[in-house]
Amino acid sequence: MVRKGEASASLYGEPRKFDPKFRGPIHNRHCTDIVCCVIFIVVILGYIALGVVAWVHGDPRKVIYPTDSYGQFCGQKDTPNENKTILFYFNILKCASPVVLINLQCPTTQLCVSKCPDRFVTYIDVQASYRYKPDQWNYFKQFCKPGFNSPRKSVAQVLRDEDCPSMIIPSRPFLKRCFPDFSTKNGVLTVANQTTFKDGRGKTRNVTDLREAANGINNVLDARSIGVKIFEDYAISWYWILIGLFIAMVVSLLFLVLLRFTAGVLFWIFIFGVIGIIGYGIWHCYWEYDHLKGIPGSDLTVYDIGFQTDFRVYLQLRQTWLAFMILLCGVEVIIILMLIFLRNRIRIAIALLKEGSRAIGYIMSTLFYPIVTFILIAICISYWAVTAVFLATSGEPVYKVMANQTLCKYANLTCDPETFNTTNVTKLCPGAQCTFAFYGGESLYHKYIFILQLANAFVFLWLVNFAIALGQCTLAGAFASYYWASRKPADIPLWPLFSSFGRAIRYHTGSLAFGALILAIVQLIRVILEYLDHKLKGTQNSFTRFLLCCLKCCFWCLEKFLKFINRNAYIMIAIYGKNFCTSAKEAFFLLMRNVVRVAVLDKVTDFLLFLGKILVAGGVGVLAFFFFTQKIPVIAQEAPALNYYWVPLLTVIIGSYLVAHGFFSVYAMCVDTLFLCFCEDLERNDGSTAKPYFMSASLHRILGKKELSPKKAVG
């Protein structure tokens with residue numbers, strides 16, 4: 001009969017045998033996954049070449065500055081538009097067309113001007129009076145096409161060729177574009193104190209038509225407007241944000257120091273705090289339930305009142321508070337039962353946390369390694385963003401036919417603005433214009449811009465995952481050096497973090513790149529699925545939506561699984577120096593042979609660290625909220641005036657969480673490494689004089705392992 005332990009061992013691999021020469025991370029290593037290392041270096045060189053090509057062809061000014069109908073920048077130096085920094089729309093009423101949202105371009109001539117018009121004037125009035133009012137004509141012609149100075153030309157021809165606008169209206173610049181100068185008078189929308197205006201084509205229009213047209217453009221520019229305000233908020237509050245992040249760093253370090261000495265106390269404070277909060281919730285629900293007794297209408301049921309949009313109605317019912325009280329009682333009972341049955345596992349988790357604190361205390365430099373990872377990821381993000389912008393702005397101006405008539409067969413076709421008026425398009429589609437649409441081209445480079453953007457995103461994901469993998473392998477090597485030291489800290493190698501980093505770079509770049517490549521492929525597929533889901537969001541095909549939802553769920557699970565496998569594979573690489581596949585297999589089998597410990601210890605540790613992150617982010621966030629809303633009297637005058645106080649507030653909260661995550665990720669990596677080393681220790685050794693354990697005395701006591709050898713175990 002096969003024993004249960006033997007069956008488990010055969011299914012998940014054989015436990016390691018005792019090796020008298022093994023004393024921690026192996027120093028005599030060889031390069032692993034050389035082919036992947038070479039491919040990785042070639043891809044990096046290609047990525048640099050892609051950035052250079054994009055830099056040569058791209059021009060970020062195409063994103064920053066508005067572009068007129070001739071594809072020229074407004075305000076560009078050494079051009080006729082150098083002093084014309086604002087974009088003017090000939091007929092802003094056309095901007096209410098759906099074409100604006102489809103093509104992100106208003107179907108009317110657009111010119112760069114030095115200032116926006118400040119009066120109501122029609123071309124008909126100007127032409128009729130240009131002989132005895134030359135000043136009015138000189139003012140109006142600055143909003144006509146450059147070089148046009150023919151007031152004798154018939155009005156019909158001028159409006160057909162769009163030499164001049166049919167009208168100008170009082171406007172003001174907004175995001176470097178002329179918009180009607182709206183105001184309200186006694187609750188009525190006006191422009192320059194007028195509610196109506198002449199459109200220059202024989203009609204009197206209401207200013208609400210201008211509002212609809214302006215909204216057509218604003219739908220495109222709203223995001224940019226909010227972005228400008230957010231940028232302003234960051235510009236005046238950045239140093240306070242840095243102060244908040246510094247406070248988060250100090251609190252995170254303090255929390256880690258406290259964990260070293262009072263991990264158990266902190267854990268039980270958290271647990272009893274949760275129990276106390278839920279208990280208060282139960283009492284409050286009972287108080288509300290009892291307080292509503294006898295009040296007319298409070299004994300009605302939810303079924304009696306039906307669905308109500310105002311959810312405060314339900315809070316007037318006794319049944320609602322009774323349901324809340326029962327729910328909270330159930331949660332309270334579940335938590336208490338879990339604490340009773342998992343008390344020994346919790347003690348083990350606390351012991352691992354204390355052991356991790358002790359290891360970090362001996363290797364304090366590991367706490368600041370996340371800064372290296374952050375710098376590497378910041379470089380990757382910056383390079384990807386700059387390359388993406390330059391790729392997006394590559395090419396020459398492309399012009400398309402813009403027509404209000406939806407039946408115009410030439411609409412959205414490319415055109416040449418120099419020869420457009422000689423074609424029959426204007427005859428078949430009256431009012432059609434050949435206007436600038438976007439930047440592109442017909443060359444091989446321009447045809448594959450989208451593919452290059454995908455390549456840019458893929459290599460970016462690969463490099464980010466490599467930076468994370470390098471950090472995990474480096475930290476694992478340092479903490480493994482601590483665990484496998486017979487006498488702690490005397491036998492811990494000198495500069496364990498730098499030694500581990502050198503080993504990872506010199507010998508295992510290929511293995512780390514291999515693991516990062518697998519993860520990057522899955523992440524790219526997820527990005528593509530999200531893109532397809534966004535594009536097909538309006539489709540009525542239920543099967544397509546269901547299939548996409550299933551694929552997104554499957555690849556999300558696959559990514560989580562790969563991250564778990566990669567993390568433990570990097571630990572095994574740091575210890576034994578084997579290639580990625582072998583290390584992943586051995587780590588997986590080792591974890592499966594200790595699956596109960598993995599499930600309980602890992603999750604309890606994650607829970608503790610998550611509570612710490614919430615404590616840091618929440619505490620600093622509350623402090624930032626009171627500061628930015630000027631509710632701290634002592635320093636209320638120091639708080640900056642903001643457009644959106646939530647901009648720096650959210651930045652501080654998210655930044656504090658990330659700072660805490662950076663420090664606690666070192667702690668989590670330490671605990672995971674010590675746990676794998678502990679499992680290896682149990683399989684390699686038996687605690688005898690010939691095969692002594694390397695675990696500390698505190699782990700011995702918690703896990704019930706008797707030290708049978710005379711080796712000193714310093715706890």
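Using N, Cα and C of the backbone, Cβ positions are placed for all residues, glycine too.
Copied from TrEMBL, the annotated features are:
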type     : residues : note
TRANSMEM : 31-56    : transmembrane segment
TRANSMEM : 238-258  : transmembrane segment
TRANSMEM : 265-283  : transmembrane segment
TRANSMEM : 321-342  : transmembrane segment
TRANSMEM : 362-386  : transmembrane segment
TRANSMEM : 459-484  : transmembrane segment
TRANSMEM : 505-529  : transmembrane segment
TRANSMEM : 607-628  : transmembrane segment
TRANSMEM : 649-669  : transmembrane segment
Cβ-based contact of the transmembrane segment (459-484) with the transmembrane segment (321-342), 3 or more pairs under 8 Å: no
The transmembrane segment (321-342) touching the transmembrane segment (31-56) per 3+ Cβ pairs under 8 Å rule: no
Segment-segment contact (the transmembrane segment (238-258); the transmembrane segment (505-529)) at 3 or more Cβ pairs under 8 Å: no
Beyond the flanks of the transmembrane segment (649-669) by at least 6 residues, Cβ under 8 Å: 234, 241, 244-245, 247-249, 251-253, 255-256, 259, 353, 356-357, 360, 366-367, 369-371, 373-374, 472, 475-476, 479, 605-606, 609, 612-613, 616-617, 620-621, 624-625, 628
